[in-house]
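J.: According to TrEMBL, the protein carries these features:
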BINDING   LYS71, MET72, LYS73, THR186, ASN296, PHE297, ARG298, LYS315  ATP binding site
COMPBIAS  386-395  compositional bias 'Basic and acidic residues'
DISULFID  CYS119-CYS165  disulfide bond
DISULFID  CYS129-CYS152  disulfide bond
DISULFID  CYS135-CYS159  disulfide bond
DISULFID  CYS217-CYS227  disulfide bond
DISULFID  CYS261-CYS270  disulfide bond
CARBOHYD  ASN184  N-linked glycosylation site
REGION    385-404  region 'Disordered'
TRANSMEM  32-53  transmembrane segment
TRANSMEM  340-363  transmembrane segment
Amino acid sequence: MTVGSSYITEALSNFFFEYETPRQVLVRNRRVGVVCRLIQLGVLAYIIGWVFIYEKGYQTVDIAIGSVFTKMKGVAYTDISGEERVWDVSDYVYPDQGGESFVIMTNFIITDGQTQSMCPELPDGKNTCNSDADCTKGQFKRTGNGHMTGKCVNTTNTCEIMSWCPIEDDRTIPNPPLLSVAENFTLFIKNSITFPAFGVVRSNLVEGVDQRYIKKCLYDPDEHQLCPIFRLGDIVRLSGFNFSQMAGVGGAIGILIEWECNLDLSLQRCIPKYGFHGLYGNAKEGESSQASVGYNFRTAKYYMEDKVEKRTLMKIFGIRIDIVVHGLARKFDIIPTLTAIGSGVGIFGVATVVCDLVLLNLVPKKDFYKNMKFKYTATGALLQDKPQRDKEEKKNKKKKKNNT
């Protein structure tokens, strides 16, 4: 048998039939001992405080799937130039499907009886002209309202256009808002969520929120946190804005329904929390500092009169409501628990690495500790076969006996 084959046989034998364990050296050094224990305490605090208590590392997580149904209630009355009118939900809510995003009209400008005809542009300083040469026929201006005919109207010093006439005049916004009573309108929100991974279904109409309670409650962050009926004025106020200001030019508000449920506890503790956030801008900023103020859009109602198509144009200023649902549920699971424990045990190795660096490089007796920790062998000693090493050991023993 050659040396090479003997070495291979021995290596395979060692691999299958021998067990190796690290060599440990007990070091009695106060400095190193204190450093080691402090690091271990820090790791232990991290595992217990951050991983398990704060991050809930022993639980698995599921994200909610939710739906929202809404319903507005309230009636408004206006008297504009002697024309009395009552406005109900069908008149001031856009759209009327009862979804999670809608607009409540609080102010408006009406332009009645518009027809497709010729008329001068609005004399607002954006489309002035001195002669017909300033009004190129067939052209449109970015700030204009229609198709220019090539004529300059001397009475207004504006270009004549083909458009829906008369042109809407929105230079003056009604103040106070025409539907300022909208502050007392109420919004009912019904929210249902499900956590598919856990098979749990919840609604914001939780235990204790029944028909009897709903008839008399209004949401209050201190006294009625679970009431699903909200006063519009309170929604605006809780978002940090002034209702009169927002109702005049419009705005946007986000209602956040947040569910954070620990399913290891009673299901009755899985309840919603409502938050209100102004999406209109910064409440502390003035209107003059904003490039675009408020929220508005236009809608028209078309009709026929004497075989002529006409329309009533409305520029609507309103409060846009966007309802966002965020749900998170946690429940104990053995797999993330074992994973968290395993990773924590692995981090304990940091203490050993740091202490070895201190012990072998910083303490006064570092050379002594190096000799205790590491065992050095001659180069190429492992290449000798076992029988040859045994012979050499026997010779060394005989020499020692003879010397004695």
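Glycine is treated like the rest: Cβ placed from N, Cα and C.
Note that this is a predicted model, so its numbers are computed, not measured.
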J.: What is the interatomic distance between the Cα atoms of CYS129 (disulfide bond) and THR186 (ATP binding site), given in whole Å?
T.: 49
J.: Please give me the disulfide-bonded residues out of CYS135, CYS152, CYS217, CYS261 that lie within 10 Å of ASN296 (ATP binding site), comparing Cα atoms only.
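T.: Checking Cα-Cα distances against ASN296 (ATP binding site), none of the disulfide-bonded residues falls within 10 Å.
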J.: Within 10 Å of each Cβ, count the other Cβ atoms and name the one among the binding-site residues LYS71, LYS73, ARG298, LYS315 with the highest count.
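T.: Its Cβ has the most other Cβ atoms within 10 Å: LYS315.
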J.: By the count of other Cβ atoms within 10 Å, pick out the sparsest of the recorded positions ASN184, THR186, ASN296.
T.: ASN184
J.: Nearest to CYS135 (disulfide bond) in three-dimensional space, by Cα, is which of the binding-site residues MET72, LYS73, ARG298?
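T.: Going through MET72, LYS73, ARG298 one by one, the Cα closest to that of CYS135 (disulfide bond) is ARG298.
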J.: Counting Cβ atoms within 10 Å of each candidate's own Cβ, which of the recorded positions MET72, CYS135, CYS270 comes out highest?
T.: CYS135
J.: Please work out the number of neighbouring Cβ atoms within 10 Å of the Cβ of CYS152 (disulfide bond), leaving out its own Cβ.
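T.: So the number of other Cβ atoms within 10 Å of CYS152 (disulfide bond) is 21.
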J.: Identify, among the disulfide-bonded residues CYS119, CYS159, CYS165, the residue whose Cβ has the fewest other Cβ atoms within 10 Å in this structure.
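T.: Lowest Cβ count within 10 Å among the disulfide-bonded residues (CYS119, CYS159, CYS165) is CYS165.
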